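**Student:** Handing you a structure now.
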Amino acid sequence: MSAASLRLVDTPMDKQKALDAALGQIERAFGKGSIMKLGAREAMAETEAISTGSLGLDIALGIGGLPRGRIVEIYGPESSGKTTLALHAIAEAQKAGGTCAFVDAEHALDPAYARKLGVDVDELLISQPDAGEQALEIADTLVRSGAIDVLVVDSVAALVPRAELEGEMGDSHVGLHARLMSQALRKLTGSISKSRCLVIFINQIRLKIGVMFGNPETTTGGNALKFYASIRLDIRRIGAIKDRDNVVGNQTRVKVVKNKMAPPFRVVEFDIMYGEGVSKVGELLDLGIQAGVVEKSGAWFSYDGQRIGQGRENAKTFLRNNAAVAEAIEAKVRANAGLVASAMMGAPESDGDAASPD
């Protein structure tokens, strides 16, 4: 073929015809919508978010909450608030008319506590599977139905492979749990994206043996979930909240360790009160100070020139009893979300795990 004919084929019109033919062939083979321009559909261009129940965490995540159609991992030590955070997300989704499911592999969900957090337990679907394979098959079926808005798996550590359940105590099953998670996530990822379902995996922490330098902590289930998760949240209890001698809640810190939707490494702190969940009025005080909306002078908190309480607990009580003031502070905090988010930036953590999901 001559050089002239090659140049003739290389015109923009010929390229467009070749591209149209290729796109038509792909759509005939795999169905309409199997390939498109990124901005062709509004649903593809913008990611919907489901609130976490924490105003500060919604701001830290950059998109107003947890993204639909993505995988989220929440991990931390025992009794740090992992399940509480997941139940708050379920409650927020239900308020918006969504349908939610909870795969309780730990067999430890308390309906009374879930109800106190605002979860409609009469409408919440719950499964308590016997084996890890069963739990993940149930999750896959629910996601593929396209009818579920939020699915929580509690927890990855409790997804015991059937071979381990049927074996003897002390039998070695090296890598079985990691292979189960890797296979399940490969299967789930596509259907999660198509169904616009938010899938939250709750995970536990383990210590790596023989680590002399760096962070010795790791999560269960291998490396696959670290790769497939769009957002990873590290939640820790950093202190106790006391009423005289009684502990009535925990001070909690959440770090956005990974975020594919916005800048990561933001850190937010809030109170988790026993029987109540995330303290919204406590958050309003903290975020209000960061946004310059609430003033703190000594032990006194003031808003708009008016003193609202001496001491944090008294100020929280004032906001709890004066909903109009609380709403006004929240509106101003949301208006100054960029300023608040910039104050949340933390340092990245080094993670020595760099293996492929297989």
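Placement of Cβ uses the backbone N, Cα and C atoms for every residue, glycine included.
Sharing the features that Swiss-Prot gives for it:
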BINDING   Gly76, Pro77, Glu78, Ser79, Ser80, Gly81, Lys82, Thr83  ATP binding site
**Student:** For the binding-site residues Ser79, Ser80, Thr83, which one has the sparsest Cβ surroundings, going by other Cβ atoms within 10 Å?
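**Tutor:** Counting other Cβ atoms within 10 Å of each of the binding-site residues Ser79, Ser80, Thr83 gives the minimum at Ser79.
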**Student:** Near the ATP site, what residues other than Gly76, Pro77, Glu78, Ser79, Ser80, Gly81, Lys82, Thr83 in the same chain have a C-beta no further than 8 Å from the centroid of the listed C-beta atoms?
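**Tutor:** The answer, listed by sequence position, is Ile235, Arg237.
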**Student:** Long-range same-chain neighbours of Gly76 (ATP binding site), Cβ under 8 Å, sequence gap at least 6?
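**Tutor:** Looking at Cβ-Cβ distances below 8 Å from Gly76 (ATP binding site), excluding near sequence neighbours, one finds Lys82, Ile205, Asp234, Ile235, Arg236.
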**Student:** Which chain-mates of Pro77 (ATP binding site) that are at least 6 residues away have a CB under 8 A from its CB, listed by sequence?
**Tutor:** Ile205, Arg236, Arg237
**Student:** So if I measure Cβ to Cβ from Glu78 (ATP binding site) and keep only same-chain residues at least 6 apart in sequence, which ones fall under 8 Å?
**Tutor:** Gln204
**Student:** Report, as a single number, how many Cβ atoms besides its own are within 10 Å of the Cβ of Lys82 (ATP binding site).
**Tutor:** 22
